[in-house]
Amino acid sequence: MDRNRKWVPGFGAVLLTLLSHMTSALEVPLDPKVLEGLPQPPTITLQSPKDYIFDPRENIVIHCEAKGKPHPSFSWTRNGTHFDVEKDPKVLMKPGSGTLVIDISGEKAEAYEGTYQCTAHNEHGTAVSNSIVIRQSRSPLWSKERNEAIVVQMGVSLVLQCRPPAGLPPPVIFWMDNNFQRLQLDKRVSQALNGDLYFSNVLPDDTRSDYICYARFPHTQTIQQKQPISVTVLDNSPEGERRPGFMTPLGTTSTKMVLRGETLELECVADGLPTPEISWQKDGGELPSSRMSFYNFKKTLKVSDVNEADGGDYRCTATNNLGTAHHVIKVTVKAAPFWVSAPRNLILAPNETGILTCRVSGEPKPKISWFVNGVSIENAPEDHRRKVDDDTVILSSVQSGSSAVYQCNASNEFGYLMANAFVNVLAEPPRVLTPPNRVYQVITNNPALLHCASFGSPIPIVTWFKDSQTSVKNGDPYVIHENGTLEIHVAQPLNSGKYTCIATNILGIKENHVYLEVKEPTRILKQPEYKVVQRGMSAVFECKVKHDPSLIPAMTWLKDDGELSRDERFEVDVDSLTINDVADEDEGTYTCIMNTTLDQDSASAMLTVVDATPPPAIVYEKPDPPTDLELTDQTERSVQLTWIAGDEHNSPTQKFLIQYEDLLHQPGVWINLTDVAGTSTTAQLNLSPYVYYSFRVLSENRVGYSQPSQPSNQYRTNPAAPDQNPSAVQGIGTQPGNLVISWTSLSGFQANGPSLEYKVQWRQKDVDDHWSSKNVANVSQFVVSGTPTYVPYEIKVQALNDYGSGPEPGIVIGYSGEDLPLSAPDSVQVMVHNSTLAEVHWEPVSFPSVRGKLQGYKVYYQRERSLHETEEDAERKEQVLTFSGNRSEGRLPGLQPYSLYNLTIRVLNNKGEGPPSTSKTFETPEGVPGPPSFLNVVNLSLDSLSLEWGPPMNNNGRLAGYTLKYQPVNTTNDLGPVKIMMFMANETTITMGNLNSSMLYKFHLSAKTIKGSGPIITKEAFTVMDTMPPVGPAFGKVNTSMLEGGAVISWDYFGHHKNVYVEYIVENSKEDWKKELVNGSHWHMIKGLKPGTSYKVRVVARDPADPTVHSTDEVLIAVPAVPSRQVDIATQGWFIGLMCAIALLILVLLIVCFIKRNKGGKYPVKEKEDAHQDPEIQPMKEDDGTFGEYRSMESDTEDHKPLKGSRTPSNGTVRRDESDDSLVDYGEGGDGQFNEDGSFIGQYSGKKEKDTHEGNESSEAPSPVNAMNSFV
């Protein structure tokens, strides 16, 4: 609580009294049947951000959604006065909502700028939204100026100023040249945060005439350019080397103010020769490495998520080989108001008391104001039951009808916070929400939870009865939780039966019956055994199971943790698996799993496959048992044992195992004592007091152990005090108020004497000096009652008998019982990183409120709905992530894009979870969409087809359109050129014509949002049905003509997409026909024929899917023996020279033509700027620099038309009469974009139209140079 708070006289005592009688906040269940009849004041569920910058080409949408019972009505104020929505025909309020849609088409958008506030009202109160400032985005023109050419000597520093127009929001600045290539930046040449270009020292290579500063305005999707700046670097009198100095900031110190939570940006740009290196440090502290990053070659330091500790002096140092320079930036951190604890809704019963708290922080300290139903609490009707003290409102003995909505407003000079919290006064009799007669089934020795969720006002008290008679009380084996759930820690069959829960408050009583059935566990009685089976034989694995007869079992067999192969050799019976005709691949581990609806059990065994007839081998057997055991050298604590080894049976003895029997404490039980090497037949044995010993020896070789020897004579040792204390001592509280001290008891062998007891000692760590103690016998635990909740205790347990005490025990630290946490995490904040990932931060709870060992925090979150108005909401499913340890943040992966999420956080200890934090909602941004739901090909014909597709199942945002890519595929699966088509979001069909007949086409379709294209759906189709038979003969007439060393064959073919070949063979030859593939053609040239030889030729069509083969008649051709000698004109020198001269002449004419046309038409950006001093404005597609889509014009005689879908902003920022160069005039619909280094990439082609706009005409032929220079 704030120590600086001013208290009115006697108010502290009043507050303490009220707190002692205050009822905890009542949670309203989400059950619609319960909510249906409950009145509820309004609650704002959705509102627009406080600062809303709108695009003047789109409608203004101001969100205001609220819920309540009855459903609230809505009203608005603008600039502090009532805004009559019905009187403005351009303003529409959505039905059942307060959301405003303002149509600004044909209107001045500035008329709707202002501060808006929404009010939601019903008979139980009034809720108000934040004040929403509506401003129009602006991209003003660059002021007209002429830049003087800059001439400098080599080595001096230089600054090229950008000074972009002040847009809303501010523009993004970058420098490029006339070829749309980003200027190369390095530690010598860099761009400052204000957009200016700094040269620490200039070089002759810096000489150029096209330093151009560009400003990109994201909201209006435009780019403007500054007039080019010309820089000439002379080297006739170069500047010498010099020490570093700072170009920005100036002087030795400067100041910087940053708000908490924002990103701190510090910049130091230095000049000097050689180029200085920049380094950073924080005076009197360290830079926050986890939130710090360097940019611009370490000239810029950015610190994200600034907090108060980031204030101080930051020193940047510039260094070269001549010296250093320092600049100190004094950073001050201020803070807009932020929540420490926002007010929460209260649901109170009549005569109960509640408290609203509005705890905020900020720098300077925020001022807190309270409102009731939107009216300042000072001006609200006086209520003697209401007391206000700064950030707290106390409501005493509330009455029915006093429901209201309270608003808390916290503000300082950097911003404000406003929250609504309703106080709903309800008087409701109890209701039990758990369905009646529910049957719970659990397995014996497992916990059982019987639920009794209830609702009522006042909060009902829940009691339980078993079999309608026996009252169930807290304590073993039952625990009744605060929410009414009855827990049985270890359920037994006797716990089965009927349970009745009764919910009671002053307004009534309600009961509900549930049933508990405790089932027998499933157990495998006979497990499968290890098998060694010869190849070709059968293997049988048995798996006999016992289970509760009321549960339906299901047996499953696995091999090597995978499913059994579908092989008829495997026979699965009720309780066995038989493998017939065993093969090598059957070797492995086989597991039987018996599942019921409640539990399962499993067992495994290995199968080893061996050869059917293994080669003969030496027979190895287990050794014979040792004989003639004898005890010598007998003392109180030791004895020597000797023996004679038995026959080894071809396998040397590896060791001897010595066992003993304690005839006093465990008669008939043989226990391993020690072992010795197989070469020894003597052992010195250490003994314990108060034991009646008898010894025996076993031999072991690689085959196994021998039978035991005959026992030795008995040897008794005398009693003594214990040599050791109990092990595994621990102290754990099982419930609040107790400490269970447990240990592992000593065996009779370890007792060393009769009358074994344990001295249990305990005391509270760092609190008690005196040890409490208790002697107990024949138990392994002791319960200390009346302990505080979860505090450390020092514990000791010592063994003692009739002959004395054991050694001094060590101290063990244990903790008393835990209880459920009291507090919920505060200051829950959500940072959305991208469309599928968010990061949640919270203020950890205080350790005392955990009331146990902190296990971590659980984040419960669920998707409330999609932000897309037309998208149906899927079923809400709550997800839970647990973050172990004392965490204050965590990441939420796998979110669905463009969705509204709700989350709460609970702290977790070993006892359970604490109360939930305040519910926090957040939105995920748009992402790429899913694939189109389907893509079908219909209406196939010889040269056309139609495509139909469906929108994606998940838009993940606002659907912007579709991209279709298609290409032909020939018979050798080679892909043809790709063609691309773009479609609007409402287009779902296209008919494509002018396709090749008998051709396979591959289509790729993807949907896109503003974030990009989603996955592709692919479809293939032929232009004709591949089952279409040819009509009439497949081939027509075949014609031939002869060439030197070859022949040309032509034919008519009427078939469909078959593989067509020209086959030929020497006449009267018995060799195979030679064939050449000629798909898609009706003629073919056969080369390489032997002169003076006759050939038979035919054309054949085959299809792998059709056994029918079509062929022409065989045609006989004769290759001339002596070809005519003709001169190839293409190889003559005079012809080649003539062609070169003609080509050169044409090139010269083209260049002259382009130059002449440029003088009257489109011209490069640099020439235009020199002529008009007016930079152009270009539409952009994305903030990342990608240009929008444009289509080529259809005619040279049409007038220029504006880009499809565009609208000129009302503020006149885009004026086509001033600048007529535009990307609209060029291209075939191809996309142009800036790549990562800023250079422009794309394809440009098509016709140039005659442009007539507002009386200005231009007639000009297209020019590639103009097309390139019109892009900026």
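Yeah, the Cβs are placed from backbone N, Cα and C, and that goes for glycine too.
Listed ranges 221-243, 704-726; the one TrEMBL annotates as region 'Disordered' is 704-726. Here the region 'Disordered' (704-726) has long-range neighbours at 622-627, 629-631, 634, 636-637, 639, 641, 643, 646, 657, 659, 661, 663, 670, 687-698, 743-746, 750-754, 756, 758, 780, 797-807, 809, meaning same-chain residues at least 6 beyond its ends whose C-beta is under 8 angstroms from one of its own. In this chain, the domain 'Ig-like' (42-129) lies in contact with the domain 'Ig-like' (337-424); the count of Cβ pairs under 8 Å, excluding pairs fewer than 6 apart in sequence, is at least 3. Here the domain 'Ig-like' (244-332) sits apart from the domain 'Ig-like' (430-505); fewer than 3 CB pairs are under 8 Å, leaving out pairs fewer than 6 apart in sequence.
The stretch from 42-129, 430-505, 521-608, 824-927, 1032-1121 that makes the most Cβ contacts under 8 Å with the domain 'Ig-like' (140-230) is 42-129. Per DSSP, the domain 'Fibronectin type-III' (625-720) is made up of 0 helix, 50 strand, 46 coil. Under DSSP, the residues of the domain 'Ig-like' (42-129) split into helix, strand and coil as follows: 7 helix, 47 strand, 34 coil.
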